[in-house]
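Notes for the one structure printed next.
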Amino acid sequence: MEVFHRGSWGTVCDDSWDLEDAQVVCRQLQCGTALSVPLPFPLRPATGPIWLDEVGCVGNETSLWECPPAEWGQKEDCVHKEDVTVLCSEYKQLRLRQEDDTRVCSGLAEVFYNGTWGSVCGDGMTGDTATVICRQLGCGDSEDYDQVATSLRPGSPFWLDNIKCGVHDEALWQCPSSPWGQNDCTNTDTAKIHCKGPMDDVISVEEQRQELQCP
(Lines of atoms letter the chains of each structure in order from A and count residues from 1; the text may use other names and numbers.)
(Lines give C-alpha, C1' and ligand atoms only; values in the text may rest on other atoms or scores of the structure.)
Protein backbone atom coordinates (compact mmCIF):
# COMPACT_ATOMS: atom_id res chain seq x y z
CA MET A 1 0.00 0.00 0.00
CA GLU A 2 1.31 3.45 -0.93
CA VAL A 3 0.26 7.04 -0.24
CA PHE A 4 1.07 10.17 -2.26
CA HIS A 5 2.59 12.97 -0.17
CA ARG A 6 4.84 15.95 -0.97
CA GLY A 7 4.98 15.06 -4.65
CA SER A 8 6.01 11.41 -4.36
CA TRP A 9 4.62 7.98 -3.53
CA GLY A 10 5.71 6.36 -0.29
CA THR A 11 4.78 3.41 1.87
CA VAL A 12 3.30 2.84 5.33
CA CYS A 13 5.19 0.99 8.07
CA ASP A 14 3.41 -1.99 9.64
CA ASP A 15 4.16 -0.96 13.26
CA SER A 16 0.80 -1.17 15.09
CA TRP A 17 -0.97 -1.96 11.81
CA ASP A 18 -4.02 -4.21 12.19
CA LEU A 19 -7.26 -5.23 10.47
CA GLU A 20 -9.06 -2.06 11.63
CA ASP A 21 -6.53 0.05 9.73
CA ALA A 22 -6.91 -2.20 6.68
CA GLN A 23 -10.73 -1.85 6.81
CA VAL A 24 -10.40 1.91 6.44
CA VAL A 25 -8.08 1.53 3.43
CA CYS A 26 -10.39 -0.92 1.64
CA ARG A 27 -13.39 1.33 2.33
CA GLN A 28 -11.54 4.42 1.07
CA LEU A 29 -10.58 2.62 -2.16
CA GLN A 30 -14.11 1.25 -2.59
CA CYS A 31 -12.64 -2.25 -2.59
CA GLY A 32 -15.02 -3.97 -0.18
CA THR A 33 -13.84 -5.15 3.22
CA ALA A 34 -10.39 -6.12 4.45
CA LEU A 35 -9.77 -9.86 4.42
CA SER A 36 -6.23 -10.09 5.73
CA VAL A 37 -2.95 -8.31 6.23
CA PRO A 38 -0.37 -8.90 4.87
CA LEU A 39 -1.09 -10.31 1.41
CA PRO A 40 -0.64 -14.10 1.17
CA PHE A 41 1.74 -13.89 -1.80
CA PRO A 42 5.08 -12.11 -2.34
CA LEU A 43 5.36 -8.59 -3.67
CA ARG A 44 8.40 -6.78 -5.02
CA PRO A 45 9.91 -4.62 -2.24
CA ALA A 46 9.14 -0.92 -2.58
CA THR A 47 11.66 1.91 -2.77
CA GLY A 48 11.43 5.55 -1.80
CA PRO A 49 10.16 7.18 1.39
CA ILE A 50 8.15 5.62 4.20
CA TRP A 51 5.51 8.25 4.87
CA LEU A 52 3.47 6.87 7.78
CA ASP A 53 4.04 4.80 10.89
CA GLU A 54 2.03 3.85 14.00
CA VAL A 55 -1.33 4.39 12.28
CA GLY A 56 -4.14 3.95 14.78
CA CYS A 57 -7.50 3.66 13.02
CA VAL A 58 -10.56 2.63 15.00
CA GLY A 59 -12.11 1.10 11.88
CA ASN A 60 -15.08 3.40 11.24
CA GLU A 61 -13.14 6.24 9.60
CA THR A 62 -13.93 7.02 5.96
CA SER A 63 -10.29 7.60 4.99
CA LEU A 64 -6.79 6.92 6.26
CA TRP A 65 -6.25 10.65 6.71
CA GLU A 66 -8.78 10.67 9.58
CA CYS A 67 -6.79 8.11 11.59
CA PRO A 68 -4.31 9.23 14.25
CA PRO A 69 -0.82 8.62 12.79
CA ALA A 70 2.67 9.55 13.85
CA GLU A 71 4.18 12.50 12.00
CA TRP A 72 4.45 12.26 8.23
CA GLY A 73 7.96 11.67 7.01
CA GLN A 74 10.81 9.19 6.71
CA LYS A 75 10.77 6.73 9.59
CA GLU A 76 14.26 5.86 10.76
CA ASP A 77 13.11 2.77 12.67
CA CYS A 78 11.25 1.31 9.63
CA VAL A 79 12.61 -0.46 6.56
CA HIS A 80 10.79 -1.55 3.43
CA LYS A 81 10.45 -5.15 4.55
CA GLU A 82 7.95 -3.70 7.06
CA ASP A 83 5.77 -2.08 4.37
CA VAL A 84 2.04 -2.60 4.89
CA THR A 85 0.14 -4.82 2.45
CA VAL A 86 -3.63 -5.23 2.40
CA LEU A 87 -5.98 -7.74 0.80
CA CYS A 88 -9.50 -6.37 0.15
CA SER A 89 -12.52 -8.47 -0.73
CA GLU A 90 -12.94 -6.77 -4.11
CA TYR A 91 -9.38 -7.59 -5.19
CA LYS A 92 -9.55 -9.61 -8.42
CA GLN A 93 -6.94 -11.43 -10.46
CA LEU A 94 -7.22 -13.48 -13.64
CA ARG A 95 -5.08 -16.40 -14.77
CA LEU A 96 -4.91 -19.38 -17.11
CA ARG A 97 -3.48 -22.47 -15.42
CA GLN A 98 -1.95 -25.74 -16.60
CA GLU A 99 -1.39 -27.94 -13.53
CA ASP A 100 0.88 -25.81 -11.30
CA ASP A 101 1.97 -23.40 -14.04
CA THR A 102 0.07 -20.10 -14.07
CA ARG A 103 2.41 -18.20 -16.42
CA VAL A 104 0.86 -19.68 -19.55
CA CYS A 105 -1.38 -18.55 -22.39
CA SER A 106 -3.53 -21.68 -22.52
CA GLY A 107 -5.29 -23.41 -19.67
CA LEU A 108 -8.12 -23.34 -17.17
CA ALA A 109 -9.61 -19.88 -16.68
CA GLU A 110 -9.60 -18.93 -12.99
CA VAL A 111 -10.31 -15.76 -11.01
CA PHE A 112 -9.12 -14.74 -7.55
CA TYR A 113 -11.96 -13.01 -5.69
CA ASN A 114 -13.07 -12.66 -2.07
CA GLY A 115 -9.81 -14.26 -0.94
CA THR A 116 -10.26 -17.48 -2.97
CA TRP A 117 -9.38 -18.84 -6.40
CA GLY A 118 -12.45 -20.00 -8.32
CA SER A 119 -13.27 -21.13 -11.83
CA VAL A 120 -14.71 -19.26 -14.79
CA CYS A 121 -17.71 -21.19 -16.12
CA GLY A 122 -17.71 -21.93 -19.84
CA ASP A 123 -21.49 -21.71 -20.23
CA GLY A 124 -22.29 -19.27 -23.01
CA MET A 125 -18.60 -18.63 -23.73
CA THR A 126 -18.01 -16.77 -26.99
CA GLY A 127 -14.96 -15.99 -29.06
CA ASP A 128 -15.12 -12.34 -28.00
CA THR A 129 -15.10 -13.31 -24.31
CA ALA A 130 -12.18 -15.71 -24.80
CA THR A 131 -10.25 -13.02 -26.67
CA VAL A 132 -10.83 -10.46 -23.88
CA ILE A 133 -9.38 -12.96 -21.40
CA CYS A 134 -6.38 -13.65 -23.64
CA ARG A 135 -5.68 -9.98 -24.29
CA GLN A 136 -6.04 -9.05 -20.62
CA LEU A 137 -3.26 -11.57 -19.90
CA GLY A 138 -1.07 -10.27 -22.73
CA CYS A 139 -1.62 -13.44 -24.75
CA GLY A 140 -3.00 -12.04 -28.00
CA ASP A 141 -6.26 -13.30 -29.49
CA SER A 142 -7.95 -16.57 -28.62
CA GLU A 143 -7.68 -19.64 -30.84
CA ASP A 144 -10.37 -21.84 -29.30
CA TYR A 145 -12.07 -22.70 -26.04
CA ASP A 146 -13.67 -25.71 -24.38
CA GLN A 147 -15.33 -26.87 -21.15
CA VAL A 148 -13.46 -29.31 -18.91
CA ALA A 149 -13.34 -30.51 -15.31
CA THR A 150 -11.84 -28.14 -12.76
CA SER A 151 -8.67 -29.16 -10.96
CA LEU A 152 -9.18 -26.78 -8.03
CA ARG A 153 -9.81 -28.38 -4.65
CA PRO A 154 -13.35 -29.73 -4.01
CA GLY A 155 -15.80 -27.04 -2.99
CA SER A 156 -13.98 -24.24 -4.83
CA PRO A 157 -16.46 -21.71 -6.25
CA PHE A 158 -17.38 -20.80 -9.78
CA TRP A 159 -17.07 -17.03 -9.65
CA LEU A 160 -18.24 -16.09 -13.14
CA ASP A 161 -20.89 -17.46 -15.48
CA ASN A 162 -22.77 -16.36 -18.61
CA ILE A 163 -20.12 -13.78 -19.49
CA LYS A 164 -20.92 -11.64 -22.52
CA CYS A 165 -17.87 -9.62 -23.50
CA GLY A 166 -17.86 -7.27 -26.46
CA VAL A 167 -15.05 -6.59 -28.88
CA HIS A 168 -14.23 -3.28 -27.17
CA ASP A 169 -14.02 -4.59 -23.58
CA GLU A 170 -10.48 -4.40 -22.22
CA ALA A 171 -10.91 -6.55 -19.10
CA LEU A 172 -13.15 -9.38 -17.95
CA TRP A 173 -14.46 -7.18 -15.13
CA GLN A 174 -16.10 -4.86 -17.68
CA CYS A 175 -18.21 -7.64 -19.22
CA PRO A 176 -21.84 -8.35 -18.26
CA SER A 177 -22.30 -11.67 -16.42
CA SER A 178 -24.42 -13.42 -13.84
CA PRO A 179 -23.92 -12.07 -10.30
CA TRP A 180 -20.54 -13.12 -8.96
CA GLY A 181 -20.75 -16.56 -7.33
CA GLN A 182 -24.37 -17.18 -8.42
CA ASN A 183 -24.67 -19.89 -11.07
CA ASP A 184 -25.67 -23.50 -11.75
CA CYS A 185 -22.28 -24.61 -13.09
CA THR A 186 -21.03 -28.14 -12.45
CA ASN A 187 -17.54 -29.51 -11.86
CA THR A 188 -17.03 -30.14 -15.60
CA ASP A 189 -18.01 -26.66 -16.80
CA THR A 190 -14.69 -24.86 -16.31
CA ALA A 191 -13.65 -22.79 -19.31
CA LYS A 192 -10.40 -23.90 -20.92
CA ILE A 193 -9.01 -21.29 -23.27
CA HIS A 194 -6.24 -21.47 -25.84
CA CYS A 195 -4.63 -18.16 -26.81
CA LYS A 196 -2.37 -17.56 -29.79
CA GLY A 197 0.53 -16.62 -27.55
CA PRO A 198 2.22 -13.72 -25.76
CA MET A 199 1.72 -10.41 -27.54
CA ASP A 200 5.40 -9.61 -26.93
CA ASP A 201 6.27 -12.37 -29.42
CA VAL A 202 4.45 -10.57 -32.23
CA ILE A 203 7.05 -8.34 -33.91
CA SER A 204 6.29 -6.33 -37.02
CA VAL A 205 8.47 -6.46 -40.12
CA GLU A 206 9.57 -2.85 -39.49
CA GLU A 207 10.61 -3.72 -35.91
CA GLN A 208 12.60 -6.69 -37.21
CA ARG A 209 14.38 -4.46 -39.71
CA GLN A 210 15.28 -1.96 -36.99
CA GLU A 211 16.48 -4.71 -34.66
CA LEU A 212 18.63 -6.29 -37.37
CA GLN A 213 19.71 -2.89 -38.74
CA CYS A 214 18.66 -3.94 -42.24
CA PRO A 215 18.15 -1.40 -45.06
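Quick reminder: no glycine exception, Cβ is built from N, Cα and C everywhere.
Since we're looking at a predicted model, the values are computed, not measured.
Listed in TrEMBL as the disulfide partner of Cys175, from the options Cys165, Cys195, is Cys165. Disulfide connectivity taken from TrEMBL links Cys185 to one of Cys105, Cys121, Cys134, Cys139, namely Cys121.
Disulfide annotation in TrEMBL: Cys195 is bonded to Cys134, selected among Cys88, Cys134. Of the listed disulfide-bonded residues, namely Cys57, Cys67, Cys121, Cys185, Cys195, the sparsest Cβ surroundings within 10 Å are found at Cys67. DSSP places the residues of the domain 'SRCR' (1-89) in helix, strand and coil in these numbers: 16 helix, 19 strand, 54 coil.
There are 23 other Cβ atoms within 10 Å of the Cβ belonging to Cys165 (disulfide bond). When the C-alpha distances from Cys195 (disulfide bond) to the disulfide-bonded residues Cys57, Cys165, Cys185 are tabulated, the minimum falls on Cys165. Within the domain 'SRCR' (94-196), the DSSP-based counts of helix, strand and coil residues read 13 helix, 36 strand, 54 coil. Reported as a whole number, the C-alpha separation between Cys175 (disulfide bond) and Cys121 (disulfide bond) equals 14 Å.
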